[in-house]
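Pulled from TrEMBL, these are the features on record:
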{"type": "ACT_SITE", "residues": "A:E277", "note": "active site, proton donor/acceptor"}
{"type": "BINDING", "residues": "A:H276, A:H280, A:E306", "note": "Zn(2+) binding site"}
Number of protein chains: 2
Amino acid sequence: MNTDQLKNIDQQKFDRVCTIAREAMMIQTSADTLEWDERTRMPAAAGDYRASQVSLLRAETHKRRTDVEFGGLVEELYETLDDKDAHDDVTATIRGLHRDFMRDRCLPTELVRATSEATVRGQQAWDAARKADDFSLFRDSLQRVVDLKRESGNLIGAATQRSCYEALLDEYEPDAKVDQLQATFDSLRGPLVELIAAIADAPRQPDVSLLERSYDIDAQRAFGTRVSSAIGFDYQRGRLDETSHPFCTTLGPRDIRILTRYESNWLPSGLFGTLHEAGHGMYEQGLRDDWFGLPPGSYVSLGMHESQSRLWENQVGRSKAFWSWLYADAQKTFASNLSDVPLDDFYFAINTIRPSLIRVEADEATYNLHILIRFDLERQLIEGGLSVDELPEAWNARYQNDLGVTPPSDANGVLQDVHWSAGLIGYFPTYTLGNLASAQLYDAAEASLGDLSKMFERGEFAPLAGWLNEHVYRHGRCFSGLELVENATGKPLSAEPLIAYLRGKLAPLYGI
Amino acid sequence: MNTDQLKNIDQQKFDRVCTIAREAMMIQTSADTLEWDERTRMPAAAGDYRASQVSLLRAETHKRRTDVEFGGLVEELYETLDDKDAHDDVTATIRGLHRDFMRDRCLPTELVRATSEATVRGQQAWDAARKADDFSLFRDSLQRVVDLKRESGNLIGAATQRSCYEALLDEYEPDAKVDQLQATFDSLRGPLVELIAAIADAPRQPDVSLLERSYDIDAQRAFGTRVSSAIGFDYQRGRLDETSHPFCTTLGPRDIRILTRYESNWLPSGLFGTLHEAGHGMYEQGLRDDWFGLPPGSYVSLGMHESQSRLWENQVGRSKAFWSWLYADAQKTFASNLSDVPLDDFYFAINTIRPSLIRVEADEATYNLHILIRFDLERQLIEGGLSVDELPEAWNARYQNDLGVTPPSDANGVLQDVHWSAGLIGYFPTYTLGNLASAQLYDAAEASLGDLSKMFERGEFAPLAGWLNEHVYRHGRCFSGLELVENATGKPLSAEPLIAYLRGKLAPLYGI
């Protein structure tokens, strides 16, 4: 900690900005609670009023975060920092609040309003277009969203010395550099395509149908709760519920709620969905309570968040060691489905790799190809290399080229994701960043803790969870996501650990 | 409607105050949603943060309702009304907002803050005193609450030409007069005491033990849901959940949530609790959506609210006709408990009348005696005729005199209710007001609709619900509660209908 500069900080002003930021978070988490309720409990007829409540609370949050007095104090505090890049909590608080305020301040109210309107309409148009399987119904709305996001990116980019796309990316993955990302993704693509092709031609293939038997929902619920608790999700400070689009939401420092969806004829949906959300939840539960609502007590980036969900879902949850521990329980819980299935067959089935059209249904290897396509296309859309009209064709061409499949129609192609309609441009790459980081962090944890498989076979997850807490969670936003990875692993983020992990697991399975 | 004066209203100013009032309600219902969640779903560890969120949202609500600009506009609008007592929606809006603002404005911020603190501490001290069964632990806190409420009552009373106690009562039952209330309650006491004494000496007594058999909770839940839906609680615009202290809460115009508590060995708890809360819920569901958050779309008083819960719980739910319709279902649902029990025995058991120590466990006849004691004692506390030190003894003397029972200790006596510790002085009489009104409204409905029993025997509740909607719900706060009763029944509120109802039902049952 740089203690010298802390002497210069006006304590009263620091306390004042912290109070305002914490109050803004209290209102934000109130709105989040209302949305959680909307997605789980609310009576059907109550939607309109709920929307107006949430929108009022969001406006109240925004008002506090963009308040002129608040911004002035934040700027003043920021100017008193000699070392603006220090990693102590106080500096990180001031730097984080300053960054957030400056991003907001770049954008004229009129642009914020127009973007908000365009994305509400965009999502409606997207929904209608997807249902009608007709991209033309979405075209104008998408054009409007892209134009407005480009305008925002240019304004923020000019103020922060970033390119337009990098400024948009920076919202989700602060301080990430597009060129670096591009280079890392490029080094991932080749080996990944090669591995997936080899798997497609492999002589051994799993029997997926055993996951499609009729799995009792109550049993799935109890099993998922038991397993998520065993890996470390704390039900004293959290809940698991059901919803149509799974997510994790933080309603308070000790109130982390994960949501999943069970499908009777597809066991992985509820099972890995629960592990995935539990991973997100454990990150949130590992943040420091006493800094809740302030940068040191906040998650650092979407990529790091995703690294935690993926790590518990894939590196842990799809490992042989994990199932060596758990399979007897699974066979007992789902006796009529699994009692005749050997562990090896089950393990092979949950590691099925197969190119497909839909991102959210993709396996852990092909998933990244879906992301790389979107990353390239959205950059071109923003930078002007690709027009909205050319998008569907470019999409299909890339799917044929990268994954060897061509969408039969836009509903299963360019219209499958909500993100762009909602203005979430720069968001997609964080998914693959998360996958890369999960593999690299896992390797470093193992190098430090010894053979993790041996622990999983005994149902011991606390050492891994503790290591992640130590190297990721407890730092909040005191470092950037990429700094955290480098500090924790001794190397900058790269594609190699993920490739090595996938090869190491899949090659023996498929006999390639 | 007095259309003349509406021409004088400045539409822009009217719209402005409505917007502010509606926004205040949106934040209030957000806080209520957080509290509903706290009582039903929230993880145990999340309590502290939730309390700070709710308190911030309550402060935001209060800020809007006491905003100087808002109050100025309300006063201006109020002054333009020639007929301040008219009953159209616009006049009622202005009059209601004016009343609420004026009540708030009487109270200095310092007094509000001190009261809020004293009641938080008061409830803690009450809780500790009750657990330790030691009134002395509560004595000082109660003294403080009484002193502060007296100060509030005096300030509001001076500004509104009311006595101190009437000013406090007016918060819960607007425009009620203490002298009238006293006279009505006095005329209730004698006949009630006489009836209860006759019942105690009656040769025929019910077998209550049949309600104490082990009733399956899941079956109770399904049964309660079915029955509350049948009487008219709309599950498209509401929910039923479970909690330790049942209540009804309005989270939006189409989001009314009722909560109940099932006890395996006491069927009436869940069953009549559900009917009671469904009655509250139906009142809320009958308010006009388009005036939500404004006086014409708000319940008029606690007494009228209680009249609806009591009417559906008692006049309907404990009637012979109701069970003639429902008992076959009950016998099927609780076959192992009820298949050998004749309807008459069940009906007698749910109409057990027996003096007891605890208000919330009291039957519909003795309940009112519990209230009359509290009404008298809290008036004396506020008016100075009784000191806090004298309270426990006065309580016990009254219980012996009025109900013939003496609390073995204060935990079962003066410490049983949370109300006074929470500053809810003037609240108790609304319970009996509700009981009186329920009987009088029921008689008027029957006079208008014909024999309601015949309808209940066929499971028809819509005519009664429709009549209540027409005469109570849809009026919101356009009339006072006592005006509503008089308009709907053609007579001022009196004790006669309740006495006649109780005698009419209980005399034949007990053979007196």
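Note: Cβ is positioned from N, Cα and C throughout, glycine not excepted.
All TrEMBL annotations are machine predictions without curation.
Feature annotations (TrEMBL) mapped to structure.
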| residue | record | contacts (Cβ under 8 Å, 6+ apart) |
| --- | --- | --- |
| A:H276 | Zn(2+) binding site | A:P246, A:S309, A:R310, A:W312, A:E313 |
| A:E277 | active site, proton donor/acceptor | A:L240, A:P246, A:F247, A:C248, A:I258, A:L259, A:T260, A:S309 |
| A:H280 | Zn(2+) binding site | A:C248, A:I258, A:H305, A:Q308, A:S309 |
| A:E306 | Zn(2+) binding site | A:T430, A:Y431, A:L433, A:G434, A:N435, A:A437, A:S438 |
- Those recorded positions out of A:H276, A:E277, A:H280, A:E306 that pass a Cβ cut-off of under 8 Å to chain B are none
- Beyond the site residues A:H276, A:H280, A:E306: chain residues whose C-beta lies within 8 Å of the centroid, for Zn(2+): A:C248, A:E277, A:G279, A:H305, A:Q308, A:S309, A:R310, A:W312, A:E313, A:G434
